[in-house]
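As structure tokens, the structure follows; a few thoughts come after it.
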Ligand code: C5P
């Protein structure tokens, strides 16, 4: 199933303890977001990539895109204060594809098989998101004391990509804006419309580069992939 992808890339380096956008940090000599772009560049079903970037980083990001020979970037939207604003800006520029994927530029290890499955499920049912079953024991605590052990059955850690029929996501995004609702992911906007969202089992490698220890994990993933080649 053909699709267009919107990549929010307008975050900061705060939790990464970096003095610049964490996506520009390098893993084995290449910026994190280039790995992400390469996955979509190589996927024959991907018809175009829209990047949401900070205004003052646009030129630098464009230079990287050119240097690494990424041809599918169709344009750049100006990101906003919240991730949801950045995604919305990207969606508004993306034309009107039948299927749109939203994927964090900070998740460079997404598998092509998961992308394919998501696009197909979204085509069938409107909305499908990537996730993995929770592995750890989950408890709730208040003031440092456990109040509840949560049953792990049916609990998922949600990732991106999140795939949608474009019209459905745009309607959900518009409603969220009208209501002043801020979700932590795109699926939440669709869920609050009462539309079912399918889950597609992804991989634990599809980690978001968020804190410094994620970089260690990222390097290990790259090393193990190189060994497999
Ligand atoms: O901060 P976090 O890691 O959750 O961000 C997820 C993705 O959203 C990253 O790729 C980041 O660049 C992007 N983002 C954005 N605009 C923001 C905040 C985050 O495009 N205002």
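Even glycines carry a Cβ here, placed using N, Cα and C.
Taken from TrEMBL, the feature site 'Transition state stabilizer' covers 15, 22. As annotated by TrEMBL, site 'Positions MEP for the nucleophilic attack' applies to 152, 208.
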Tell me which residues of the chain lie with their Cβ under 8 angstroms from that of residue 22 (site 'Transition state stabilizer'), as long as they are six or more apart in sequence? 11, 12, 13, 15, 16, 32, 106, 209, 210
Taking the Cβ of residue 152 (site 'Positions MEP for the nucleophilic attack') as the reference point, list residues of the same chain whose Cβ is under 8 angstroms away and which are at least six residues distant in sequence. 133, 134, 137, 138
Please list residues from the chain of residue 208 (site 'Positions MEP for the nucleophilic attack') whose Cβ is under 8 angstroms from its Cβ, counting only those at least six apart in sequence. 104, 106, 107, 159, 214
At a 10 Å cut-off from the C-beta of residue 15 (site 'Transition state stabilizer'), count the other C-beta atoms across all protein chains. 13
